[in-house]
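S.K.: Here it is: the structure, laid out below.
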């Protein structure tokens, strides 16, 4: 019997509650390349030392519980426990601090975002010793990254499939998102694609309701795609939302989309869940479908500044679970600081290697090695007059997703799509000629209007 599992008669076991920091606060610990690292914003209850609360977070999200247990002697806590290895104050916040926690890799199932989140955030957020807790960032080690397939195809493969290069892609969400019949819905899809958009989109809550069952919608949208492709000579797509009440039904809808020969399907990855999303991503890679991801429900998790998770964590998790596009919001009209933070997680979606940069909200250097990139989707209240700023800020590897900015055109859907395409091509051309989009954007759009139908 090994020393760590041996028990001896007459040797007493000292039960009872002890301070977490005695076991889980280890400021001398040197992190390993294989550790998953987490940065938590901690708001403790009054009178509790930061070291104790940081250690409590490490304990309750790994091997710890509220009391000493005799079965601790049957394993190696030094191998499996989480460690709070550093604490730093939050500038301007007297009652908050950042606790850095290192988790040994063996705590996590390979290739499972579900298990990773269940461990790190599954229980500790209800800990009554904390007033609030927010997961600001994660460092995913290369050894764990390599256990994930990630996006079904990635940015370069998508461009090759679409044969579209050198500019952002254009999309539009069909409005009204609920209430249209399948045939009228398909008509709107055709008009937008025929007008010059690359994609149209189901909204997040378009699934299979009584007014429009999913199979009917898929058929009429496929007809619109093929008709617009024949008339424009361009490859088109519509994000067919495969999200369903069961994983089996979701895959059935994706199979039907593949049989129709359309290029892309869609999933609501937070409401659908990471297990369902990873399953769909694997199916899409195996069957040549692109996968568009909507982040419905994200604000429930990431909107509060002191509690929940920052969206950069959800974005990293999506890249691991799998998706070729994900909505990232838009920074048009926002404060400069928010712009930097948004572009920080946009780079985490697209780039292979991202350096630590606290000014952009990036707490850890992240190496994605061979995991494909994800196209950020800039959406939320944008229109053609935002096009210069969007082109400059997001660059070519992005999707500019309109809604009312296309459908709301006074002349109708097709002219709205034409306006989007003309504005984009004018901005890309001006940028390539060396013009300043920030200073000359309005004039560039006005010049383009003269030649727009």
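Residue numbers in this text run from 1 along the chain shown.
Using N, Cα and C of the backbone, Cβ positions are placed for all residues, glycine too.
Look at Swiss-Prot and you will find 3 tagged as N-acetylproline, backed by sequence analysis. Under the heading N6,N6,N6-trimethyllysine, Swiss-Prot lists 14, citing sequence analysis as support. The substrate binding site annotation in Swiss-Prot covers 123, 173, 177, 295, 327, 379. The feature active site, proton acceptor is assigned by Swiss-Prot to 175, 294, with sequence analysis given as support. Residues annotated as Mg(2+) binding site in Swiss-Prot: 201, 203, 204. Swiss-Prot lists 201 with the feature N6-carboxylysine. Per Swiss-Prot, site 'Transition state stabilizer' is recorded for 334.
How about a rundown of where these features are and what they're close to?
M.R.: Cβ neighbour count for residue 327 (substrate binding site): 20 (other Cβ atoms within 10 Å of its Cβ, all protein chains included).
Secondary structure at residue 175 (active site, proton acceptor), taken from DSSP and collapsed to helix, strand or coil, is coil. For residue 175 (active site, proton acceptor), the same-chain residues that are 6 or more apart in sequence and have a Cβ closer than 8 Å to its Cβ are 403, 404, 407, 408.
Less than 8 angstroms from the CB of residue 204 (Mg(2+) binding site) sit 241, 243, 268, 271, 294, 296, each of them six or more residues away in the same chain. Under the three-state DSSP scheme, residue 204 (Mg(2+) binding site) falls in the coil class.
Packing around residue 294 (active site, proton acceptor) is summarised by its Cβ count: 28 other Cβ atoms lie within 10 angstroms of its Cβ, all protein chains included.
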S.K.: Just to verify a number: CA distance, residue 123 (substrate binding site) to residue 201 (Mg(2+) binding site), in angstrom, no decimals.
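M.R.: For residue 123 (substrate binding site) versus residue 201 (Mg(2+) binding site), the Cα atoms are 36 Å apart.
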S.K.: Near residue 203 (Mg(2+) binding site), which binding-site residues out of 177, 295, 327, 379 have their CA within 10 Å?
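M.R.: Close binding-site residues: 177.
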S.K.: If one measures from the C-alpha of residue 177 (substrate binding site) to the C-alpha of residue 201 (Mg(2+) binding site), what distance in angstrom results, rounded to a whole number?
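M.R.: Between the alpha carbons of residue 177 (substrate binding site) and residue 201 (Mg(2+) binding site) there are 10 Å.
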S.K.: Sort residue 327 (substrate binding site) into helix, strand or coil using the DSSP assignment.
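M.R.: DSSP assigns residue 327 (substrate binding site) to strand.
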S.K.: Please list residues from the chain of residue 379 (substrate binding site) whose Cβ is under 8 angstroms from its Cβ, counting only those at least six apart in sequence.
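M.R.: Once residues fewer than 6 apart are set aside, residue 379 (substrate binding site) is near 173, 327, 329, 330, 401, 402, 403.
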S.K.: Please list residues from the chain of residue 201 (Mg(2+) binding site) whose Cβ is under 8 angstroms from its Cβ, counting only those at least six apart in sequence.
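M.R.: Residue 201 (Mg(2+) binding site) has long-range Cβ partners 171, 172, 173, 174, 238, 239, 266, 292, 401.
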